[in-house]
Each structure stands twice: as structure tokens, then as C-alpha cells.
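Written below as C-alpha cells is the structure these notes are about.
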């Protein structure tokens, strides 16, 4: 709600999004990372705190209000509330009382009790062995006004003999001894007597609870130990002669006893009074329906939100976690309220979880949604830490806001509602505590599960899967809302529920007034008065009363109110009483000086410390040990899984896996597939196939070292098909195919390939497992399409008239089932050409690039699976349509290293040509020529847009999409990048050689968990793997030693630089370093799978021997 209130200043109702460098976000992110990395510690802290706060509950709460413990909420609304002096309401009953004091907190004294009995008899007449039912049937109308009244006439109008306008009854502690001097003086254990008879009833069927006959009580071990005042109370209806007798006798009594008592007021005349309303309103059918509806809506919202969380491994587990956190918050709050003696019994118990539930769900789902939107390629700890860093300030601000609102409401609402407000404020604070410990640790465990990663990846890429045509006719917000397509914002739901319930609770205590009366009361114009006005006359300070009359009156429990209501208004839920200030008697010579140290907390809390502390400490230790063992057992499977992943460190966003022992000499060429197979060819004339999924197991292709196999070397290119069934090897004189599933060679295909590596060497997208086809573009510009098995049919054409500079293959969807391939090429004179496969064969066309007059073109980057590609020049990058050669957009860049451009874009597989092409994110990176920095530029849709229209029509994108000019552009500069590549998953991975280990590394957000030790240039410790997120999640930036996973004999070789590199899987790169291959993955262990929409060229052979600047993966582009 605070963001809505700040709308005039901020211009938006959205919660502020802190920048990644903001100190508050950094602090919360580090905390979230720490919790994700130390799950057991976080669970232990939350568990121990919960044990400390929940264990005392049975000792602090009771259903017996008279024993010094806090009273549990019931199913009723109860309150004792003062009314305004001009309320104009006739009271149902009148209350007069005397308070009798001796020494401070020494009211339970034989002499004082006996003296109090004398005062009682002077006011009411003789009360020994009081039994008014014996006068039943006598005339109830006294015939005279002579005082004192005859006993039989007085007893005849007692309420036990029938309810009339003259009825009366009284409460007195002296009834414990049947108002007998002899019994009082003979009692040697007054404490035992008052505790044993605390459930004794009067003749009016009202229980003589300690709360109504004593004031200023002190309890220990749930027994009354002392009291400060004896309270004798007369309750009578307006025509009662007993009430008139009390009024007549009180002034006479003061003059008669002035020598023994100090009396306040000294005249004995009490004129000041306060009108009170006492309520005992059972929860009604309307209340039950309202609460059921509120809980039902909350539960429905929870289930609806839960059903959308496909990225949660266990929804039942999440439900248990949510319920557990809410219960912990509620029970912890009950304990704190009990310790500070905050009465929570005024409101039905069913209402307490509702507000906490609404606020807690708001914060929990906000974190869950942020985790889902965090890229799945980041480590589990990074995802949770990043999500907490992005949302914690909102949860904290919401907590502070709600506490402030509740604290303000507690000042102006009724006492019972004020207690509820305090409870809700404390529960809100505990909810944030358990959110940042218990819930965060459980969520990090769920995120850590391997099964979560696929769903997270889908959730993060599908949220912008809207086609261009679907957005052209955009329905209104109201239409979408009515159709259930718009989710209601829950940022203010908890606050609205909280304030709404406080208003409803307050309304229950205004049940008999007009509709506008609560509003008038808030502005001070109502007949209802706040708690602050209850004290009509302040008691004299020299008395030092342990409890004031006003607070004593509010202390009366709901059961007393119920009994009085049953006596005077049997069919009602409330009554009004005109309560006169008490006539105070203090025995002369009494020491009224209170002790310097007063017990301000609940008496049961002191009892708990004195009698249960040892058991309490032992229980905490046992619970902590049990939680430690249980958490370790539950997380054992995850730890075993992590141990089986070589090079994986759950505290890092980088994992490094070493493939060694396969080659004697350096690796010269590698190729990889997306499902985890990697092929390497070494200078030792061996070719090995590695299975990364099986922890790096490998086998050597047979026959490569035999005389017949020598024809394979030198190898010019290797590639793997999209289904990972065929491995194609191109040598100078032939092409051979190895079946990766049947482990068999095919017949060789003779081909004079020259002595240069091909520019394009890939499988045709329409090739099948039985009839594989290869597309080859050689350095001389010749394009060859050959069927490798069967009749070896081949078609040759020219891919580029003149001298070829570079060529790339572009694969895209022609229909839902068919994919096509095109060859994009550049000539050394700056010409651009495209080769298409027609029914008659391959045909090369020149692309008349409009608005391009640039002779420095040096690179082609296909944007498979869409008919788009990039053409790079020295300081510009052109986005070109493959269908007609139209330049769609020009990206301005710094002068760059030749052939260093790479790009990565969101999965837009649902965009088809008829709908246009839109990107929810587009990232381009290159190496700057002057500084050799890696410059990463990211484009995101403008505010309110769904995607960037790659080919926007004139006049703007429309349909909820934005143009390139309207897109949000962000840049990152990475110093000393070394050799790098962009992988699917919004991150850059690189390997560099640190010439000076002490030199700082950019970006500054790198977490150096395993910083390389000092050493000479070329030693293994100087090689460093790093990753940088391209989407602003700087928490995912990381760096670590490339040899962090252990040094074997093969790895101690000193090598001058990296060899060939290749993409493998979705977010991994394979780097060759001498005869060793390092597979570096960003965001935890790689999940390998075949992606049918990947461009075939991305699986092409990579030969890094020609790279001069340590550039990108496509070193030959």
C-alpha cells in the first residue's frame, strides 16, 4: 500500500526495483546466497527460535483466567468499553464498590478481612451466612425508606428471588468465608482457601473469580499468592432500595470510621460515574459464513497460484512449508503477547490466522515468482539469493508499513481489537523472520533439485511466447480480467485484508449503533470513547494502587460478563452498566510503598523460568540435534548427487569438468552435440568420443591408427548431426561416417577436399538416419551437397562468385514439420550472397543490401531458426532478412575484432513467419579492437511491451511489441576476457590466463571463491574460468580456477594458449588446453538434451589453431 500512497511523488504504483549495485540489494542478495549455501544452519536457527517461542505456550496459556496465565481466545467477542457521557442510554445495571487496602500487596490478612466485613455489613446490612433464597415469596416492595432495611425485605428483592427493577446482588471476597468473622479469624491459611474456592458461586450464580473480588494480584505456580485490595461490589437495578441504602450509608460510614481508615474521597459521596458496555457476543452464523468465505477465497487463491508453479518439485511440500511457517508465526506471536500480558481473548480464535495467512502468502509467492523468473542457468544459490535480493526490500517495507498501520490502529480501536492489532504486528515481524530463514532454506532445497531446472527453463522462456498476430487486436484489461487472464496484484492484498478485518472487528463492538457511528468515533464525535477516557478520577498517588479501577474493570474476563448477562438480561449478548468510582478505604498506618522492582511481565512467565528452565534448555538442545540429523538425512541424496558431479560446486555458478587421458598430444579439433557427446581429434592421430553425461567416459574410434585409417589424416572437419547418431569426418581425400549408436563405420565417400578447412561442414536438416546428407562449402566457394550412404549422390554449385571471405549455414522452419537450409556468404570485395536449395538444385543469389555501403564486412551470424542473420562490419552490425536481403536494423558498435560477433536470443520457437518474429531478449557480444574487452549489449522490450519486433513494419511495431529503437539497451564491459562464448541461457563463459593473479578482475561483482594462487605465467593455477550474466543478474557473475577440480599429471603441462573450443549442451563450453579438455558449465550441472531448433552450424567442427585474439567459439567465422 505504501507504493500507492507514494504515487504522487513516484508516478507509479509499482514497488521500486533496486539496481544490482544497490547496497541494500547487495546485502540481501549476499544473505540469500548464504542461506542457500548453509541450509542446515538456517533451518537450525529457525527451528531453535521456534522451539524457544513455542515450548512455553502450555505454561503461559490457560482456560482458567484466575491463575496468572494468559487466557486463550474463545469463540466469542468480548469487551468492556466506556461510552460517552452524552450517550443517552439508560444503564441496565448500576455498580458501586469499595476497595479495602492494607499494606502494599497484603490484602489477604485476617484482620484486614475482618475489618472489611465490618464495612460490608455497614453498607449492606448483616451478611453472615448470606442466603437470600430463604426470603423468596415475601413482598418485594419495601414499605418505608428507613435505613437499614430489614434483612428479610432486603433479601426478598435479591435477584435470586426473581428479576425486577429492584433486584440486586453483590460480589465480595468475604463470601469465601460465608461473611463470618469467626471463620475469617480461624483460618490459618488464607492463600489456600482463596485458591481452593476460586470457583465458588454466589447466590446470583456468578463465580467468585479472583479477578472480580481482588485487585493487584500476584500469582506463582498458577496460584494466587497476594492481592493489593479487597473489592466489594454491589450491582443493582435502578429502583433497588439496596442501592439507595448504599448511597445513604456510605457518607455515614466515613464519618463513623474516620479514626481507623483513610478514606478517598473523605466525604464518602461518590458522584462521578462512567457508562460501560460489557459484551459477550458468541460468534454468529454470519461470522462463521464470513470467516469461511475469507478462508475459502484465500485457499482458492493459494491453490490457483500453486497450480501455476510448474517449477516447484513438490507442491505438497510447498503447502506444508506455507502452513508450517504460518503456524510458527502465529504461535510465536501468542507467546510474546502472553509474556507481555497482552489479552487476546477478546476476539474469536478463528480470526487470528487469517491476517497472517494473507500477509505471508503475499511475501512467499513474490519470492517464488522471482525465483522462477531468474534464469535457470544460474546456480541454485544464486537464483535464491538473487530472488531474495530483488524482493526482500519490498517484504521488509511491507512489514514496516503493516506494523506502523497496526500500531496506529491499536491506539484508536477498542481494547480487544487493540490486542489483536498488537498480535498481528508481532506476527508480521515473525513472518518476515521465518520467511528469511525457514522458508528461504526450504525453497533453496527445492530449487537445488535436479528435476527443477527443466521446468525453470520453460517458465522463464515461455512467459513471452506471444505471436505478433495475437497481439495486434489486444483485448481490454477488463475483458482479460473477466476471462481470468489477468492476475490480481497481491502487493496490497495482505494490507487490505488486515485493515478490513480490524474494521470488521471494531464493527462488532458497535453492533447497536448507526452505520456512521464507527466513522464518527474515529474522528472523536461519537458517543463511544477510547480507553484513554476511562479514568474519570485519578486515584491519589499516595495510595500506590497496584492496579487502577479502570484497568481492573477492563480485566474482567468474558465468563464473568456472560454470567452477569445471564442474570440481568438472559436473552442478550451485552449489557450497559453505570459504574461509579470506588470508595477507597486504606487502613491507617499501612505501608503503601511499592517495591522498587515490580514484575511487569505475565506471572506465568516468571513461573516458567523458575520451574521449567532446565527442561527448556534440554529441549532446545534435543530439538536442535534432532533437526540437524533430520536435515542431514533429508539432504543426503542431494549431497550424494553433487558428489557424483565432478567439478560441481554448489556454492559456485561455475562447474568445471575435466576430460583427460584420451590424447597423448594436443587436441587439434573438437565437435559437440547438445545431448552431451563430444568428439575430439588429436595430433596423435586418434579420435575419441566422450560422453559427458557418463562422467566423461570415452572410447577411441577403431582403425584410426591402422594403415587403412591413415587416410583419415589430416582431418579438415568433424561434425555431429542434430540427433547425435552420425559423426562425419572430412579428410583431404574422403568423408567417413561413424554411427554413434551402432558403433560402426560406413563406407568412405571419396572426395578431393583440398588442403583447407571448409567454411561450412554440417548435416542437411532434411537428412535422415538412413540417408544422411552433408552440406560443404570449401574455401574456393564451391558448395557440395552429398548423400553419404547409398548412391553417394552429390550436387555442386557456387556459393560465392569470386573469392570467398566467410560462409555460414542458416536453418529455419519452412512449415511446422519441414526445415530448410540456406548458405550465407561474403566475398572479399564486400558482396553478400545467399544460396537456396530449389527443386532443380542449389542456386546462388546476390543480396542487394539496401542502406549498406560498407566494404569492411567480415562476418555472417545466422539467427536460426528464423530467416534472419547478422552481418558484421568494423563498427556496425546489420540485421538482414534472408528472404529479400532487406536491412531491418543497424546496430552501432565500437570498432571490433574481426569475426568476434556472437549473439543469443530468447527461445521464440512459437513465432512463425506468418506471425512475425519477436524477441523477449536479444544479446550481442563482440571483442573491442582497441581494448580487447568483451562488450555485451542486451536489448529488452520497452516498458509495457511484450517483445521486440525483429522486422517491424513502418510506423512502429504495434500489437504490444516495440521496435529496436524503443527497446531498452544495456551494456557490460568485461576486461581481459580471454577466450569466450555466449551460451543459451543469458550468460557468457570464458577462460583466460591471469598474468598477474593479484590484479583485479572486472566486472567487480565476480565472486572469487577459489582465487588462483600466485605462480609463474603458464602454470595451471594461472588459468581461470569465468562467467558473466547478460541479463543484469550480477549475482550470477563468478570466477574460479580452471584447475579447481584437482591436478593430475596430464594437467601439469605448460601450454601457451587454448586450442579449439565448442558449445556443448545448452549452457556449457568445451575448451581444449593441450591434450586436456575442460567442460565449463554456468549455473550448476548441465542438463543435456537435443534441441531440434538449434542451428546445425552450432554443432560444426571448431578448430581454434587459427584464432589470434582468443575470440569467440566460431573462431573461423
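Heads up, the Cβ atoms here are built off N, Cα and C, so glycines get one too.
Taken from TrEMBL, the feature transmembrane segment applies to 35-55, 283-304, 316-340, 352-372, 417-443, 492-510. Per TrEMBL, the feature domain 'SSD' maps to 287-445. The repeat 'WD' annotation in TrEMBL covers 660-700. If you look up TrEMBL, you'll see 994-1022, 1091-1117 marked as region 'Disordered'. Annotation comment: TrEMBL describes 1105-1117 as compositional bias 'Basic residues'.
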Requested in this report: Can you tell me which of 316-340, 352-372, 417-443 gets the most C-beta pairs within less than 8 Å of the transmembrane segment (35-55)?
Outcome: 417-443
Query raised in the report: When the pLDDT values for the domain 'SSD' (287-445) are averaged, what is the result?
Result: 82
Query - Long-range Cβ neighbours of the transmembrane segment (316-340) (under 8 Å; 6 or more residues past either end) - result: 46, 49-50, 53-54, 56-57, 60-61, 69-70, 302, 306, 309, 352-353, 356-357, 360-361, 364, 368, 419, 422-424, 426-427, 430-431, 434-435, 438-439, 442-443, 446, 601-602, 604-605
Report task. Quickly jot the same-chain residues contacting the transmembrane segment (283-304) by Cβ under 8 Å, restricted to those at least six beyond its ends, or write none. Result -> 75-77, 319, 322, 348, 350-351, 354, 357-358, 361, 490, 497, 504
Query raised in the report: So how many of the residues in the repeat 'WD' (660-700) end up helix, strand or coil by DSSP?
Result: 3 helix, 21 strand, 17 coil
Requested in this report: Residue list, the transmembrane segment (417-443) vs rest of chain: Cβ under 8 Å, 6 or more residues beyond ends.
Outcome: 31-32, 35-36, 39, 42-43, 45-47, 49-50, 317, 321, 324-326, 328-330, 332-334, 336-337, 342-344, 346-347, 351-352, 355-356, 359-360, 363-364, 367-368, 371, 384, 388, 392, 395-396, 399, 402-403, 406-407, 409-411, 498, 502, 505-506, 509, 531
